[in-house]
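Single-structure report; data block below.
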Amino acid sequence: MIHFQKKYVWGTLLLLLLEIAIAVWKFHPFVRGFVGDVLVVLLLFCFLKIFLKIASEKIALGVLFIAFTIEVLQAFKISEKLQITSEAVKISMGSTFDVWDLVAYSLGYLLIYLEIKCFRRNIF
């Protein structure tokens, strides 16, 4: 169940660098708000695949579930209700519910799904 896959380390590092670049430099709000959310799903997927020998479909669904759960918790202002003061937790949890974030997470999942179902099976 736990193992190490080097190829996902490179994907994780590349996606992490992209996310950091999006956060640090003043990109267009669409890139920062939407593309960044698409990429975070890919980032979490790659990170988990480094260590977990679980079917990719299950990991992708798990990542989507986590992303949706965090977004729904934002709608209920859970960070405020729990009086979370840690900046790191606040940043990772976010603070504002946006239905477009759910769309972005879904698109990230769709990209993973297409990669699993199409590209790994040499359909293209």
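Glycine too: its Cβ is placed from the backbone N, Cα and C atoms.
Annotations in TrEMBL come from automatic prediction, not curation.
Check TrEMBL against the ranges 81-98, 99-116 and you find transmembrane segment recorded for 99-116. Away from its own ends, the transmembrane segment (99-116) comes close to residues 33-35, 37-42, 45, 56-57, 60-61, 63-64, 67-68, 71 of its chain (Cβ-Cβ under 8 Å, at least six residues beyond either end).
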